Amino acid sequence: MSSEEETDISESEMEECADKWYQKLKEGYGREKISGEVNQCPFCPGQKKQAYSFNDLVQHSSGVSKGGSQRRKLNDKAKHLGLTNYLKNKDSLQVSDEMETELQPTNDHGNDVDEKYAFPWMGIVANLPVQLNGRRYVGKSGSWLRNDLTKKGFNPLRVHPLWNYRGHSGKAVVEFGNDWKGFANAIKFQNSYESQHQGKKDYLVSQYKGDKLYGWVAKADDYNSSDIIGDYLRKNGDLKSISEVEAEEKRKADSLVSSLANTIEAKRQSLKEIESKCNETSMCLSNVMNQRDAMIKKYNEDFQRMEKNARDQLEKMLKNQETSKLYIEARRKELELREKELMEREAFNDNQRQDLHLLKQMNERAAEEQKRYDESVLTLAEEQKKAKETLRQKNMEFQKKLDLKQALELEIERLTGAKNVTEQMGDDQEVRKKLDEIEESLIEKKEELEDLEALNQALVVKEQQANVELTDARKELIDLIKKHSFRASIGVKRMGELDSTRFREITKSKFLGTDANLKATQFCSMWEHHLVDPNWHPFKDVTRENGSKETIIDDNDERLNRLKHEFGQAAYDLVTATLMEMNEGPSGRCITTELWNYKLGRKATLNEGITFALQKLKTSKGKKQH
């Protein structure tokens with residue numbers, strides 16, 4: 001290889017170098033490597049893959065010329081670009097030669113340039129398979145035939161099956177377009193069918209056609225026929241010879257060339273006019289530039305003079321401005337101080353006004369709330385007093401009736417005994433009389449006993465109603481104390497609720513790291529879920545010495561023992577106490593509210609709660625009086 005070929009080139013010279021190599025390839029450079037079915041790249045002698053098909057060689061050269069690899073020099077890319085252009089030009093020449101070969105008329109069919117064809121180029125397919133469906137013939141769609149012809153390489157644009165009043169006619173028109181490639185496909189289509197003896201002549205002379213398809217190119221006799229084929233061709237095309245098509249294309253090309261020539265001449269004249277105007281404009285521009293230079297010179301002189309006057313005037317204004325600025329600054333500071341003082345006074349007055357208004361509203365709301373609370377406490381106390389008095393009277397009455405009932409039962413037993421003794425004494429007249437008196441007295445005592453039992457049942461019902469009223473009064477007192485959130489010895493406690501603050505303090509020391517608080521909170525939430533889990537029953541029933549049964553914590557429960565082992569006795573006691581509170585509640589394993597005596601650590605009685613509320617009422621009234 002020469003030194004010129006060894007030297008690398010710049011990107012701007014790449015196209016020129018590619019053209020040089022294209023010319024060398026056309027002159028025969030490397031022709032022995034790219035002229036057969038198996039080709040080699042003339043610029044890659046050391047490459048592993050030496051054999052290419054024609055398309056693979058085109059892809060290889062195009063990839064190297066366009067590739068972004070830094071290992072390839074620009075000279076190599078230019079060589080491969082020239083090879084790509086040469087191969088593409090060679091491919092197009094081969095295609096043109098093949099088309100020209102296919103377009104050449106054969107003597108067998110008598111084609112010549114003056115023979116008339118249906119234009120755009122069309123073919124006819126006959127003897128398509130059809131079936132009688134009712135009173136009409138039906139057949140396959142045109143897309144089926146188009147796909148079949150495409151697979152054979154005829155490349156039709158469209159296929160139109162021909163229908164008449166009896167249905168599918170068994171014939172179809174194949175459109176190939178109006179260019180020379182379409183004409184080549186049409187001739188190839190006709191030659192293929194004729195080579196198999198399935199052309200037009202075969203179709204016309206054949207007595208038994210069977211299921212074979214017949215095809216030919218539509219010509220003048222088809223175009224002028226009076227059948228369904230002629231009707232379709234006349235509606236959708238013209239009748240032209242090859243010379244007429246060539247003449248028409250030549251006429252269009254000549255017209256285009258003439259139009260382009262006229263356009264070019266007009267552009268040339270326009271360019272001359274523009275050049276003349278450009279020269280005139282250049283002369284004018286030269287004069288304008290001279291005038292501009294003179295104006296700039298005069299402007300600079302005037303500007304320097306004005307600049308000096310402005311500088312002197314500015315210095316004088318700056319001095320005056322400095323004096324005014326000092327005076328204004330002093331006045332501004334004085335006004336700012338006064339403004340600040342006024343704003344502080346205004347803010348103080350607004351704050352006082354708002355505080356007074358807020359305090360007034362709070363006092364009014366507190367007075368209304370206290371009034372409602374006082375009324376609720378007095379009402380509740382009065383109702384509790386009445387309920388207690390009613391219950392006391394009913395208890396006294398019940399006790400009297402109970403004593404009377406016991407006396408009657410003793411009297412009945414005594415009379416029954418006397419009756420039995422009298423019956424044992426014999427059948428004396430006096431004894432019989434005494435026995436009758438005893439039986440009469442016994443009947444009266446039993447009737448009195450039945451009345452007392454009915455009265456006793458009524459008293460039991462009234463006692464139950466009184467207990468319900470006391471329970472409702474206890475609930476109202478709990479709600480009242482909950483609303484006012486008193487912090488004293490008597491309050492409201494959520495029975496069965498785990499003390500989460502205490503539980504987190506106990507368990508937090510067992511967790512390590514910066515997220516100990518988070519882990520302790522999550523652990524507390526998990527145990528709160530365990531406590532209300534109905535499927536977990538950590539209790540057992542035991543029988544005391546006196547025969548009574550009692551429910552206690554099951555000391556063998558695995559979950560509780562694991563808590564005791566990992567977090568200590570304090571956590572265990574806190575959880576078990578909460579479990580016992582929940583189990584003793586009226587609703588089972590649910591959290592309930594209860595009136596609680598925090599001083600004694602037990603449930604507060606209703607009397608203790610009302611006494612506490614009355615004390616708060618007296619204290620509140622005393623504060624109001626003071």
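Including glycine, each Cβ sits where the backbone N, Cα and C put it.
Noted in TrEMBL for the protein shown:
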type	residues	note
COILED	257-320	coiled coil
COILED	349-483	coiled coil
DOMAIN	41-83	domain 'Zinc finger-XS'
DOMAIN	114-225	domain 'XS'
DOMAIN	493-623	domain 'Factor of DNA methylation 1-5/IDN2'
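Across the domain 'XS' (114-225), the DSSP tally of helix, strand and coil residues reads 37 helix, 41 strand, 34 coil. Using DSSP to sort the residues of the domain 'Factor of DNA methylation 1-5/IDN2' (493-623) gives these counts of helix, strand and coil: 69 helix, 21 strand, 41 coil. The average pLDDT for the domain 'Zinc finger-XS' (41-83) in the predicted structure is 73.
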